[in-house]
Each structure stands twice: as C-alpha cells, then as structure tokens.
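These come from Swiss-Prot:
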type: ZN_FING; residues: 98-125; note: zinc finger
type: BINDING; residues: 101, 107, 117, 121; note: Zn(2+) binding site
type: REGION; residues: 562-712; note: region 'Disordered'
type: COMPBIAS; residues: 585-595; note: compositional bias 'Basic and acidic residues'
type: COMPBIAS; residues: 603-614; note: compositional bias 'Basic and acidic residues'
type: COMPBIAS; residues: 629-663; note: compositional bias 'Basic and acidic residues'
type: COMPBIAS; residues: 672-693; note: compositional bias 'Basic and acidic residues'
type: COMPBIAS; residues: 702-712; note: compositional bias 'Basic and acidic residues'
C-alpha cells in the first residue's frame, strides 16, 4: 500500500486563512526575488496605512518651543537640587547682581531698584503717587533708645498706633454716617513682645553677652560631611522643627560670622518669591526682626553647648555631640513670633515659609563659614573677621577693618552679625508697624494692578454684604443722620403733623387704599417715562429740598425757588417774547381784535380751568372731612397738572407763532381788500362778535382761515 504524500511544512491547505512565508532563500544571488504571495479573497483586503503628515513650519516652531521649555524646566530643577541661589545666576560683578522683573522677563536691574521699577511696569501703570500716603515707615529706622530696667518674666505689650499712619476707613471724609465702619477704625494695633525677645533688646540691663563669648571661643567647626548631612536635615523642614542635630547647633552658634550684606540681599531678592516686592527700607525692618530672633536662638544654642561641655569629657564629649539631638523650644517660639509678624504683609502661609527659609539660609551661610578644610577660593574676599578656621577656633575678638567699603546694594561689606547694632524696643515696634503700613500700600497696589470687572452675581453679593453691614452700623449709632442732612442742610419734613401721631386702624386702611389708588393712577400716567426721566425727576426733587434748606445757590434757608418752567403760573406768555415783534408793531395801531388761541385749544384750556376749580373745591372738602389723607397726594396731582398745562402752552405757542408767520405775509393783501370794500369792513368793525353768530355769512378765502382774537 502506497503511503500518501505529505504536505510541506510551509504549505497550508486553506491559503486564504493563513499564509506562511516561504523559507529563507537558498540562492545566494542578491537579485533573487521570492515568489509573490497567493491571491487572497477580495473581501479581505487590508487597508494600507497612510504616510505620516508633513509638519508645517508653525508646528515645527511650536515643537522647538516646547523642547526649549522642557530644557529650561530641567535646568531649573537641577539648580534647585544643587541648592543654587537664583540671584547668583545673573552676576553683574563681584559686589552685585541683576534680578529679573516679575512682570516683564526682558527687564533686568539691581535688586535695590526693583520696587520702584515695579510701580511703573508696565508703562501704562504708574503707582508712584501711592507712596505719598504711606511713607512714614521710611523714617522710623533710627529711633532713639531709652535705657530701662529688666521687665522680669512678663511679656511686653506695645501700642503701634503712634508709630505709623494706618489711615482711616473713610469713604467720605466729612460725613459721620454709616460709610465708616467703627470695628475697623476702632481696632487698636498692638505688639506683644515675648520675654525671650525683650531681654535681648538694648533697652534692658542684665544681658549675658559674656557667657556667649565664652561659648563661642570653645566652638567646634563643621566637617564637609557634616555640612552635607546638615543640608539634608534642614531641607526636610516643612514646619518649625522641634529639635535639631549637633551640626545645626554648631552652625547656629557660629552664625555671628555671617555677613550682613549677604543676608540683606537675600531678603531683598527672595521676597518676590513670597508675593511681595519690597524696598530697602522694608528690608532693613525685616532684617532687624530677624536679627532679634536670631539672638535668642543663639543664646539657647550656647546653653546646650555649655551643658554638653559640663557632662562629657574628651573623646566621649565629641562622640556625644555628634550623635545627640537637642530640643529647641525657644527656637520654635521665636520662629512662630517672626512668622506671625511677617503674616501681616505676606499672609499666613508665605510669612511662615519666609521666616523658616531665612533661618535656613543663615544656617547654611554660617556652616559654610565655619567649615573645616575649606578651599581658598571659597573664602569670603571681604570678610576679615574669621582669620583661621582650620584649627577649629573662632576668634570673636574685635577686628578693626581698615576702611569698610560699600557695595552696590548700599550695605557695608565686611560687617557681620557680630557687629554691634542697637536693637531697641522702639525700633522693633517701628518695624512691626512698618509691616502694617506696608500691607495697606500692598492692598492698594494689588487693587489697581489686578483690577478685574466683577460679575453681576459678585456685584449683587457685595451690595448685599455692604447693605447688611451698614444696617448693623446704623443700629449701633443712635445719632445717625443721612448724608443729605449733614453739612447744615436738613431735609424739609412733611407738613402733615399727623405723621408723628399714633394712627387708628381705619386711618391705616384708608392710607393703604389711597396708596393703591395713587399707584394705579401713576401706573397709567408714567408708563412712557424712561429710567433717565425718572432719575432726572428724583434729582430735581432732591435739588429743590437742598435749595429750600439753604444749600446750592441759596444764601439763606427757605428762599423761594424759581419755577422749573420758563413761564410762571401768574405770567403771560407774551412777557417772555414768544410773539413776533415785527407783527406786533404792524398791528399795534390798528383797531382790530388780537390773536388768541385756536378754538379747540381754547376749549381745552377752559376744560383745564374748570377741572382746576373742581379739584380745588373737592380738595378743600376732602381736607375738612377726611384729615387723614396726605398732602403729598395733592402736591403730586398739582405738579402733574402744571407740567401738562405747561406742555400744552408750549405746543399752542409753537402753533400760534407758526400761524403768525403765515398770516403776516398776506396781511397787506387783506388791507387792500378792506379798502376796496369799506362798507363790509365797517360792518366787521361794528360787529366784532359776528363770528359767533349762527347766521351764515359770506367770507373770502382769507377770512375762512383767519380768526381774529381778543386782546390778551
């Protein structure tokens, strides 16, 4: 029996489902092509992927910009990991540097000029005028010091109201109304100075500087390995530390060799990171507070060092110092106090981190100064205080500089924290008051710089809040008067004396009924008034009250007001020149009837007069029988009638003037026609009222449209 032939391993019984490529070509010929794949089912064609789109020039530029931004971000993170100060990246020379404007990255300037530049950047914004109202903190840096006795263990409480101009919460300077909030103006700003800080001031006697000098003479240096460990330790501080290591202790004890100019420049440059751009005066105030807190921290660290020296001896002393940690309650207290003072200007969060970072910077600077085996290039060129650090002995003797020169920042290079400086209670109080004053200036600057239009909901919410606050303020003041009643212009009260009396239920119901009727009548009359007209009427009403009270344009109270319309109620329209002068001269010598209003207008005026008589009589009857009605209702009706009467008169006068101009042209023709027919003319003069007779009369075309009138 024959064996069935076997299929090759690369063949597939169903080529439409699976396809295996043939085995590698055994032919070494380079130009050999493998056989094409078998045909597939037309329903199973695969879609060939489209080629990638060609990028345009704009897309390429955007990709390059994103790449550059990523590179810049990487460099920034690298510089932060290396603990590089961003202010040292833009070195101007050995004594100064340039900083970048936070509002325009193309502007570079010295740190001392950044504050004034920020008030003019951009060019459309100019806030220099705000410095005129807040400038007292610039003059309180050198206050006199008064020597006092030790205050004991209690804290000092000092008032700050006399040390700075905090302004007043006035919307209007000359009005004692509810536009001024008493809880804000009545708030007294005080400073509480803890005992651990007050004893470090120069005002008090009993300072223990001799003890600290003894400890500083025995201070140990910091090894390079300890410096790295100390940096890692303080980088982990996210809150006020409850304890620190011996390396931090040594850095705090040796912090008096840190240069003042370096710390001042750091405060001035890095204040922008915490949201506020400060000037050199504010920098000096902040540095004074920091230096006071540092003195208490150094005093506590010296106490820890003296305790370790008394308990341990020799090698055990060194090993115990390297491995032990020290609880620091005073360090926490002074940090909290400094953060609370900086929170006035920077806010609670930024003030806390700013105070903590200042101490971190000081500790790092001190450790780099007291570090053993330093290179010559890392030593300060203008220090002159620490001469020999390799032998772990810090010489705290008075070192006389030849001539301390001033750098570009205005500070004296060579002065360290060990240099004598008067830190009095008055200067500390002035520094805290400067923070309050500077915060008010910062609020005004931000209100102008970051001004944004409020939404309708925000405006309504702010209006409701201010209204509720004003109501609360009015309830606290029994002698509150509206603004219009101030300045000697009391408003005219209602003439109805019944308003001050207790009213019965019937009177109240009658008033409510009258109010509804008046509202319905106003709704029908004033429906065509625009909001502008309503506001105009309100302003006129208040203006009348002010004039009656002796206000604008009146030298005495109660002077009669001039009518708002050019025509008085008891004056004729001819007195104001509404008639044509030339026509009057021509008709003055003729014996004829003067021109009057047209018949329909005259009838309307008669109706108005009859209505006036009826209303006056009815108002008298109502006043005699119903005394509970308000007089303002009659005043409103009379005012409306006067306005309507005035408008009708103006319209009639305009029609009359226009008619006179037409009749004046044909008057000469009329005279010639009268001379030709003298008999008819005499008849017209003898019977001037024949126009009202019921008998028909033949008149010419001119007489049909000419109506003689009586003399006014």
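Backbone N, Cα and C atoms are what each Cβ position is placed from, and that goes for glycine too.
Computed from a predicted structure; not experimentally measured.
Other residues of the chain with a Cβ within 8 Å of the Cβ centroid of 101, 107, 117, 121, the Zn(2+) site, are 102, 103, 104, 109, 114, 118, 120.
Of all Cβ atoms in the protein chains displayed, 15 besides its own lie within 10 Å of the Cβ of residue 107 (Zn(2+) binding site). In this model, the zinc finger (98-125) carries an average pLDDT of 86.
Non-local neighbourhood of residue 121 (Zn(2+) binding site): 101, 103, 104, 107, each in the same chain, at least six residues away, with C-beta under 8 Å from its C-beta.
Using a 10 Å Cβ-Cβ cutoff, residue 101 (Zn(2+) binding site) registers 18 neighbours. All protein chains considered, the CB of residue 117 (Zn(2+) binding site) has 16 other CB atoms within 10 Å.
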